[in-house]
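Everything below concerns the one structure shown next.
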Amino acid sequence: MSTSSTPDAPVTTLSPVVRILIGLIFILGPVSTDMYLPAFPMLEHDLGQGAGSAQLTLTAWLAGLAIGQFTLGPLCDRYGRKLPLLLGLVVYVIASALLAVVTNFHLFCILRFIAAMGGATTSVAPRAMVRDVATGPAGVKLMSQLMLIFGLGPLLAPSIGSFLLDLGEWRLIFWVGAGFGVLLFIGTWFLLPDTFPPEKRFALPFTGVVTRYWGLITEPLFCSAAMVASFGTFTMFAYLSNAPALFEGILHFSPRLFAIFFGLNAVGFVIGSQINARMAQRFLFTRVMEYGMLAVLTFTLLGVLVCSLGLVGPQNPWILCILIFCTTSSLGFVGPNAGVLALTHHGHQAGAASALIGTLNWTIAGGAGVLMALLPSHWIGSTSVGMMIGIMGCWISDLWRRRLDPNSYLSVRH
C-alpha cells in the first residue's frame, strides 16, 4: 500500500480527488442507514414479519456499526488505513449482496449486522486519515470539507431509496448498496494513499488494546471532546427520528413538502460546516464550536417556548421550521471541531481513537430514538425538547473538559 503523506504533512498533500473519495467512503454508513428506510413496510411483508419488525434490522445495523468500530479500530493502527478499509468493504459488499436475496428475517438481521461490521471501517479510516495529515484549524478545515459530502447522505439517501422502490422491489436497494461498495473498493485500491506509514504502525496484544482504550476513556480532553461530538450527533438524531411524526403527522406536510424541508435542513448543515471551516482559520476553533453550541441551545429553547405558547401549528408552522433549520445549520459548527479536538494529541493511535469516537457517536445517538419514543408523540414541541436535551449534553461535556483541562485551548490554537 502506498503512502503519500506523513502525520505532520500539510493538508494539501491530499488531492481534491482523494478528499472527495474519502468523503464518499465516509458516507457509506449513513447512506446504508437511510436508503432502505422507505422499504420498511415492504420488507416486513416479504419477510413474513409484523409491523415494526423492520426496526430490529435497523438495530442490528447500528449495533454492528458501534461494535465494528470499537473492535476494528486498532487494526488501522496495526496495518495502516488502507488494508483494513479494503477488507471491510469486501465484507460489506458480500453481506449486502446476500441481503438482496435472503428470505429469512432472522438471517437478514444477522447479515445486516455483518454488513455493518464491515462498513464500520468506512467511519474509522477517514477520521483517522484526517488526523494523519492535519490537526487544529487545518484539521477542522479538512473535516468540514468532508462534511460537505457527508451532509449529502441524509439529503439524497431516502430519495434514492424511494426511487429504487419505484423501479423494483426493496431488494434492488441492497444491490445498489453492494455496487456502491464495489466502486469504493476500486477507488480505494487505485487512488487512496495510506496516510499512516509502516514505520509508525504497531501491534498490540489484547490486553494492550484494552489498556489503550481505557487510557483514551480516562483522558479528560479526549473523552469530553468525543462526548461533545456524540451529543451533537444525538441532537441531530433527535430531529431525524421524529421528523416524519412532526411534519407529516402533526403539521400535515405533504410527502413532497416534507422531502423539500428535509433536504433544506441537510443543506443548512452543509453550509454551516463550510462557514465553520473558514471561521476556524481566523478564530480559535474551540471558541467557534462553543458559539455553535450556544446558537443550538438558543434555537432549541425558542422552539420549546413557541410550542409551549401555542404559537405554531398546522396553519402556522413556519416559525418552528425556521428555528429547526437554524438549529441543524448551527450543528455544523459543533461536530467537526469536537472530533478534531478529540484526536489532537492522538496521532500515534488515531485508528483506536477514531474508533472509540465512532462507537460513542452511534451508542449515544442511538439513545435519541429511545428518548423520542418516551416523549409525547402528539405534542408539537417534542422534537425541540429532544434536541435541547442533546445540546445540553454537549454543554455539560464541554464544561467538564474545561474544568479538568483549562489549558486545552492553548494546546490546540495552531
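Positions of Cβ are set from backbone N, Cα and C atoms, glycine also.
Note that this is a predicted model, so its numbers are computed, not measured.
Per TrEMBL, the features are:
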type     : residues : note
DOMAIN   : 18-414   : domain 'Major facilitator superfamily (MFS) profile'
TRANSMEM : 12-32    : transmembrane segment
TRANSMEM : 52-73    : transmembrane segment
TRANSMEM : 85-104   : transmembrane segment
TRANSMEM : 110-130  : transmembrane segment
TRANSMEM : 142-160  : transmembrane segment
TRANSMEM : 172-192  : transmembrane segment
TRANSMEM : 213-241  : transmembrane segment
TRANSMEM : 253-271  : transmembrane segment
TRANSMEM : 291-311  : transmembrane segment
TRANSMEM : 317-343  : transmembrane segment
TRANSMEM : 355-374  : transmembrane segment
TRANSMEM : 380-400  : transmembrane segment
Contact between the transmembrane segment (380-400) and the transmembrane segment (317-343) (3 or more Cβ pairs under 8 Å, separation 6+): yes
Highest-contact recorded stretch vs the transmembrane segment (52-73), from 85-104, 253-271, 317-343, 355-374, CB pairs under 8 Å: 355-374
Non-local residues, at least 6 beyond the ends, that sit with Cβ under 8 Å of the transmembrane segment (253-271): 147-148, 151-152, 154-155, 158-159, 236, 239, 243-244, 247, 317, 321, 324-326, 328-329, 331-332
Stretch-level contact, the transmembrane segment (355-374) and the transmembrane segment (213-241), CB cutoff 8 A, at least 3 pairs: yes
Long-range environment of the transmembrane segment (172-192) - Cβ separation under 8 angstroms, sequence gap at least 6: 17-18, 21-22, 24-25, 28, 31-32, 35-36, 39, 82, 85-86, 89-90, 92-93, 96-97, 99-100, 119, 122, 160-161, 164-165
